[in-house]
Amino acid sequence: MKELFPIKQINGFVFSLLLTVVALSVYFMDMSYEWGMTILLITAFVQAGVQFVIFMHAGETKDRDVIFSTLFYGVFLALAAVFGSLLTLVWDMM
Amino acid sequence: MKLNNTQPLEYSTEQNKINIVGFWIFLGAEIMLFATLFTAYFVYENRTGTGPTGEEIFILGPILINTFLLLTSSFTIGLAIHAMRINRKKATLAFLGITLVLGAAFLGIEIYEFMTYYHEGATLQTSGFTSSLLLTLGTHGAHVTFGLFWGLAIIQQIIKRGITPQTANKTFIFSLYWHFLDVMWIFIYSFIYLKGMM
């Protein structure tokens, strides 16, 4: 039975629950918008990293360079779309 | 068919390796799909018109339950892949089954949430905020729904054919998809729900 629950996966699970709770602090604690967003950005991206590397085994074969290039390209375009649109459509209107 | 025994079964043939890399490239495109939805949401977040705002319709309880369900299902499908790699067919099937049950529970709560939104007057047509919100959540929910049927087909194939290079490859790719949905949910949890209730 024990061999079915590797410690790496259990640690990953506990760590991801922990990150969820840390993110939850922005709801229960009284903090500024900037601090709240900083905490959420850090917890969300670390959480994504945990999933990709621990659970999805992104780095375990020699195809890792292709996999990480695709991921970083996707994330770069995602950030460009989100922040570019915020910059031109929301922030300059305030 | 050339078998390489130094790596797990799902990578054991050239075709298998290519399938996995190909699926990662698809996931890269999925990141961009969700990025466009998040972009629309962030732009329209405060355009609530006469409809409700996020603070008025978001309820923490179901959101936390859903986050826990999806995180746990991501963990159990990780265990399924581990069991598959040490060639434990029954354990693999059991963990896959638990994953799908958790996924179905997630979907049930999400449908209940959508009904609550509807009764509170937040529909696709209400405001820029509600339409981009429901479109983003709905796209994620549709992915989970598709994943449930995909997972059932995978379970059926493992029962029928056992753990072979082909079924192992399919199961691994399904696990990539499922973990990816969990990642997208984390972003919904952080930047739609928690940000909206902050």
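Cβ coordinates are placed from backbone N, Cα and C, and glycine is handled just like the others.
Taken from TrEMBL, the feature domain 'Heme-copper oxidase subunit III family profile' covers B:1-197. Taken from TrEMBL, the feature transmembrane segment applies to B:21-44, B:56-81, B:93-112, B:132-155, B:176-194.
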Contact check, the transmembrane segment (B:132-155) vs the transmembrane segment (B:21-44), 3+ Cβ pairs under 8 Å, seq sep 6+: yes
Overall pLDDT for the domain 'Heme-copper oxidase subunit III family profile' (B:1-197), taken as the rounded mean: 94
